[in-house]
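S.K.: So Swiss-Prot lists these for the protein:
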type: BINDING; residues: Cys559, Cys568; note: [4Fe-4S] cluster binding site
type: BINDING; residues: His654; note: chlorophyll a B1 binding site
type: BINDING; residues: Met662, Tyr670; note: chlorophyll a B3 binding site
type: BINDING; residues: Trp671; note: phylloquinone binding site
type: TRANSMEM; residues: 46-69; note: transmembrane segment
type: TRANSMEM; residues: 135-158; note: transmembrane segment
type: TRANSMEM; residues: 175-199; note: transmembrane segment
type: TRANSMEM; residues: 273-291; note: transmembrane segment
type: TRANSMEM; residues: 330-353; note: transmembrane segment
type: TRANSMEM; residues: 369-395; note: transmembrane segment
type: TRANSMEM; residues: 417-439; note: transmembrane segment
type: TRANSMEM; residues: 517-535; note: transmembrane segment
type: TRANSMEM; residues: 575-596; note: transmembrane segment
type: TRANSMEM; residues: 643-665; note: transmembrane segment
type: TRANSMEM; residues: 707-727; note: transmembrane segment
Amino acid sequence: MELRFPRFSQGLAQDPTTRRIWFGIATAHDFESHDDITEERLYQNIFASHFGQLAIIFLWTSGNLFHVAWQGNFESWIQDPLHVRPIAHAIWDPHFGQPAVEAFTRGGAAGPVNIAYSGVYQWWYTIGLRTNEDLYTGALFLLFLSTLSLVAGWLHLQPKWKPSLSWFKNAESRLNHHLSGLFGVSSLAWTGHLVHVAIPASRGEYVRWNNFLDVLPYPQGLGPLLTGQWNLYAQNPDSSNHLFGTAQGAGTAILTLLGGFHPQTQSLWLTDIAHHHLAIAFIFLIAGHMYRTNFGIGHSIKDLLEAHTPPGGRLGRGHKGLYDTINNSIHFQLGLALASLGVITSLVAQHMYSLPAYAFIAQDFTTQAALYTHHQYIAGFIMTGAFAHGAIFFIRDYNPEQNEDNVLARMLDHKEAIISHLSWASLFLGFHTLGLYVHNDVMLAFGTPEKQILIEPIFAQWIQSAHGKTTYGFDILLSSTNGPAFNAGRSLWLPGWLNAVNENSNSLFLTIGPGDFLVHHAIALGLHTTTLILVKGALDARGSKLMPDKKDFGYSFPCDGPGRGGTCDISAWDAFYLAVFWMLNTIGWVTFYWHWKHITLWQGNVSQFNESSTYLMGWLRDYLWLNSSQLINGYNPFGMNSLSVWAWMFLFGHLVWATGFMFLISWRGYWQELIETLAWAHERTPLANLIRWRDKPVALSIVQARLVGLAHFSVGYIFTYAAFLIASTSGKFG
């Protein structure tokens, strides 16, 4: 018998319909479901594929460096970071003739180019890169790492180099190595790079391999370290009139605690950043010696978990049985990893703009907007994935006997209470927030804006005040000049921090009012509803009141008629699918809020946000409509400009988004009938009927069509907003 795709499933390979192709693609990466898979081979396949993933990442970052070195303007950008526009790469073939060529020739380039809104120029400049040669060197090194990763991936699939199952299940050793090696050593190495290369570069000193051993990063070298006078490393920091990249106003300190921002670059002090990474390295190097391996010192994770039992009362058996449950479930581990990564990605979005680490990035407004939006959307997808794999864990890996009366079992036991409380919170937030917005809308429409219900966010203002913001007049903690907290930090990091918090030229602790209060609660509604759908999907994955027997139906069973009371939208996959729409919706509100508030801040007209954000028509008219004008003008009767590509992407994004509904709002019968008609016509058309196919064409399954619809909806939604965001910001600020 000939081998047909998919080789990993003989059952599917013998399917006579086109279902074979689509199901084959859908399950290609679901190694667990493949024929003759063993637990050991499963782990080995996943391990090897990680090297492939690394190879792609290294190749991609190498490409960034290479194209900027080849076609960019890094060296001229360095001379004037605030006014030269950074070039990402050239455009080979600008369509639409001479006007397009002229529109896209910018940034001092000889021909049409794309502008970089990724922040890589600021990043490379901050870490000490200065020439195109530096960029080429980096690109080659990453290309080498990419090749090395591919070789490592192939190598770990060879019989002699395949790790055993026991190696994968050795959680203590893995944690020690990841904590010490991955986080500890890499943070220490990064501190080293900052101290030996980046900080000297910021002071006009060019350190490379040829003079690396000759240039002391600190005048007294290791002396203060060896004599215990560590405070010397913080003495004589860069002054407030330091010009970044030059010796003018530069100090000699390497590890400081200045707080706040460098006045010229509006980014964190490099010496503060180095200090931070050194502290992180210290903590993680210690943490990496915490767990017991074959040396017989440290904690056993299993013992730790078994010991975590409540002292008394009806609180169950705590963490008993959790070690084996987690250690034997790849989906549980992936769920935990994705949840952590999702949170950290969202925190990256928040901190990249509020505490910018890269020189001059805070004054590149389009880049700030792009990076915030990019990281928030990625966080959303990763976090929904965490719950998806949590649900798969319950279906494939959860063993009730192993987890009797522990925290996992008890979550399942009182899932109705969890779900109903989340539901209540979502309903409360939704009705009250919408009620306030709509009330305010009506008041504006009737010409009585003074009758709006405007609520000051006094608790949030109080928290900001506790951190040192004096605008609101709360005399508390760091905003109280005679408090112990204020006095304790006055000589250390406080002057810089307090200046940063109370200065209106940055994004740290923006002044908030009734508009912020409302949109905050709209976002809270989105977060709680998304969480409700995801949590319910995971907790009901094995069985629910309607259908107690879900286990054998798997993760993604489709609608199954009225026989069991109707099984539409009750598989764990359906919950994930519905949650992604809510996730996109929520992050839409988050990014609208962030962008509008910042546009008004950067333009110096914050009153526009404050006055228009308290009612829905304000958002529609003064944010969306007003800011889409540049976009819609990309093409006009007078020709075109450099925003035309975003205008096109805006339209194209809407098209992709709308295509999603074709898959989401239709039934299989319609498509099957259409397919049969087309196949019939094909077979009866001369010449066309010379082309035959073996698989009988059938419509997509319900689950597949939903996936295709969701993919188009998501991609179109993000493309549309990306074009709007970049065009409206760069159209105003360049």
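Note: Cβ is positioned from N, Cα and C throughout, glycine not excepted.
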S.K.: Quick one: pull the CA-CA distance for the residue listed as 'chlorophyll a B1 binding site' versus Cys559 ([4Fe-4S] cluster binding site), whole Å only.
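M.R.: Here the two Cα atoms are 29 Å apart.
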S.K.: Determine whether the transmembrane segment (707-727) and the transmembrane segment (417-439) share at least three Cβ pairs under 8 Å, counting only pairs 6 or more apart in sequence.
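M.R.: No, the transmembrane segment (707-727) and the transmembrane segment (417-439) are not in contact.
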S.K.: Could you give the residue numbers and ranges of same-chain residues that sit at least 6 residues beyond the transmembrane segment (417-439) on either side and whose C-beta is under 8 angstroms from one of its C-beta atoms?
M.R.: 411, 452-453, 455, 518, 521-522, 524-525, 528-529, 531-532, 535-536, 539, 614-616
S.K.: For the transmembrane segment (330-353) and the transmembrane segment (369-395), decide whether they are in contact, meaning at least 3 CB pairs lie under 8 A, counting pairs 6 or more apart in sequence.
M.R.: yes
S.K.: List the residues of the same chain that sit at least 6 positions away from Trp671 (phylloquinone binding site) in sequence and have their Cβ under 8 Å from its Cβ, in sequence order, or write 'none'.
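M.R.: Residues satisfying the criterion: Ala699, Leu700, Ala705.
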S.K.: Kindly say whether the transmembrane segment (135-158) and the transmembrane segment (46-69) touch, using the definition of 3 or more Cβ pairs under 8 Å where each pair is 6 or more positions apart.
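M.R.: Stretch pair touches.
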S.K.: I need to check the long-range neighbours of the transmembrane segment (175-199): which residues 6 or more away from its ends have a CB within less than 8 Å of a CB in the stretch?
M.R.: 126-128, 207, 212, 215, 217-218, 254-255, 270-271, 273-274, 277-278, 280-281, 283-285, 287-291, 293, 301
S.K.: Taking the Cβ of Met662 (chlorophyll a B3 binding site) as reference, which residues of that chain separated by at least 6 in sequence fall under 8 Å from it?
M.R.: Gly709
S.K.: Does anything in the same chain, at least 6 positions from Cys568 ([4Fe-4S] cluster binding site), have a Cβ under 8 Å from its Cβ, and if so what?
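M.R.: Within the chain, Cys568 ([4Fe-4S] cluster binding site) has Cβ neighbours under 8 Å at Cys559, Asp574.
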S.K.: Can you count the other CB atoms that lie within 10 A of the CB of Tyr670 (chlorophyll a B3 binding site)?
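M.R.: Around Tyr670 (chlorophyll a B3 binding site), other Cβ atoms within 10 Å: 10.
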S.K.: Can you count the other CB atoms that lie within 10 A of the CB of Cys559 ([4Fe-4S] cluster binding site)?
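M.R.: Cys559 ([4Fe-4S] cluster binding site) is surrounded by 16 other Cβ atoms within 10 Å.
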S.K.: DSSP three-state call for Cys568 ([4Fe-4S] cluster binding site): helix, strand or coil?
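M.R.: The residue in question, Cys568 ([4Fe-4S] cluster binding site), is coil (DSSP, three-state).
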